[in-house]
Amino acid sequence: MKSKLKPTNDWLVTDDNPKMREVCTEVKFPLSQEVLDIIDKMLAYVDESFDDNAEKYDIRPGIGIAANQLGLNQRFFYVHFTDFCQKEHRYLLINPEWIDKSLNKAYLAVGEGCLSVPKDKDGYVIRSETVKLKGFDYLTQKDVEISAHGLLAMCLQHEMDHLEGKFYYDSINMMKPYFKKDEWVSIDQKVCDQCK
C-alpha cells in the first residue's frame, strides 16, 4: 500500500497552533473520504522518509505522524521505521487504546524530535519502558494488539501523546533536561540484545 502523493512540509500543523492541544475524537466507520485523504498523506510523508527520499522532496524526515499533525483531529496515526535491531515496524492504527504501560521508565538516548516542532527541544523524554495497546490496523484491515519495548514503545507513546493534545517536550524536566535515574533504561543501539 503506497501513496502516489508527493509529500510537502506545507501539510504539517505546527505546535504553535492551538488545535494541536485538543484531544482528538474517535474515528467513525465506515471511514470518511476526509480520513482516507489524511491516510494517503500519512503514507506519502512517512514512507518517503523511510525510503530515504526526504531530501528529494525537501521534507523533514519522520518515522511517525498523527492525524492532527495533518489537520484532522481524529484518533489515528502511522509509524514506519527500522529499529536499532534492524527490525521493520509498520502500523497505521485507528482508535488505538492503551492496554498496559510499565512502571519501569526509559528514554531515547538521543532525545526525541517531532514533525510539528520546528525547533527541537533538548532533554530526555521519560516514558514507560514497555507498553501494550490495541487498535484497528488499516494496513492489515484487522484489530491488533501490539506489545512493544525499545524504539517502538517510545514511538507509540509519542504518537499517542499527539492524540491527547500533548508534545514530547511536555515530558522533559525543564529544570534538569538530562535528569535520569540509574534504573531507567537508555534506549540506543546497546539494547539490541533485548530485541532478539
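Cβ atoms are placed via backbone N, Cα and C, with glycine included.
Neighbour density for Glu159 (active site): within 10 A of its CB lie 23 other CB atoms from the protein chains shown. The active site annotation in Swiss-Prot covers Glu159.
Annotated Fe cation binding site per Swiss-Prot: Cys114, His158, His162, in sequence order, evidence recorded as sequence analysis. In the three-state DSSP assignment, the secondary structure recorded for His158 (Fe cation binding site) is helix.
Take the mean position of the Cβ atoms of Cys114, His158, His162, the recorded Fe cation site; other residues of that chain with a Cβ within 8 Å of it are Gly64, Ala66, Gln69, Glu112, Leu115, Ser116, Glu159, Asp161, Phe167, Tyr168. Geometry remark: Glu159 (active site) versus Cys114 (Fe cation binding site), CA distance 10 Å. There are 24 other CB atoms within 10 A of the CB of His158 (Fe cation binding site), with all protein chains counted.
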